[in-house]
Amino acid sequence: MLKLTDITWLYQHLPMRFSLTVERGEQVAILGPSGAGKSTLLNLIAGFLTPASGSLTIDGVDHTTTPPSRRPVSMLFQENNLFSHLTVAQNIGLGLNPGLKLNAAQQEKMHAIARQMGIDNLMARLPGELSGGQRQRVALARCLVREQPILLLDEPFSALDPALRQEMLTLVSTSCQQQKMTLLMVSHSVEDAARIATRSVVVADGRIAWQGKTEELLSGKASASAILGITG
């Protein structure tokens, strides 16, 4: 479904190089130390960085040089990137039409996603009137309403308290299962990864150092467990 073959990004003339295959509907955690290249990997998949070499295909189609706006990918950041002067409904609607000219079917889709996110009673509010958790629900709704086959999460819930973070992770996982979306999530928390991802990828020094079952990583028996400070 998603295949990266020696995708290379030159960081201060030092190559970060990734090869990875993810199947449709998989939920994969991207783990590793700070500065290892986790966000770089996601930005290469999203098209925000242009690789120096290598290839990236989605469903067999080459998207190595496809601009972000045309890639079949949605990405959610820690900074929710909501427009402060637009209502919740308008912010979500941008995922369907940049000019906010929505037809009846699109309006219904927008409200259905809002109900799923539990924010249908907030549609007329501005982002500044919402809590941090509510703002991230709006940002997630904007991603999901686009119905792209791949969802990328770059630690969007790290600023939330543990209970709210777990609630959001469950919401993401359930939504991806319902829409049959492929999920890749960058996280510093192996516990968060274990909640929704049966498979994990460990990035270290600009390379994929290990990939396999998350439970093996947590047990301390994986070769990459030590990279994350996990001992058996």
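Every residue, even glycine, has its Cβ placed from backbone N, Cα and C.
For reference, Swiss-Prot has these:
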type: DOMAIN; residues: 2-230; note: domain 'ABC transporter'
type: BINDING; residues: G32, P33, S34, G35, A36, G37, K38, S39; note: ATP binding site
- By the 10 Å Cβ-neighbour count, the most surrounded of the binding-site residues S34, S39 is S39
- Taking every protein chain shown into account, which of the binding-site residues G32, G35, G37 has the largest tally of Cβ atoms within 10 Å of its Cβ? G32
- Task: List the same-chain residues at least 6 positions away in sequence whose Cβ sits under 8 Å from the Cβ of A36 (ATP binding site), in sequence order, or say none.
- Result: V203, A204, D205, G206
- Note on the structure: Counting every protein chain shown, other Cβ atoms within 10 Å of the Cβ of P33 (ATP binding site) number 15
- Message: Around the ATP site formed by G32, P33, S34, G35, A36, G37, K38, S39, list the extra residues of the same chain whose Cβ is within 8 Å of the site's Cβ centroid.
- Response: T40, V203, A204
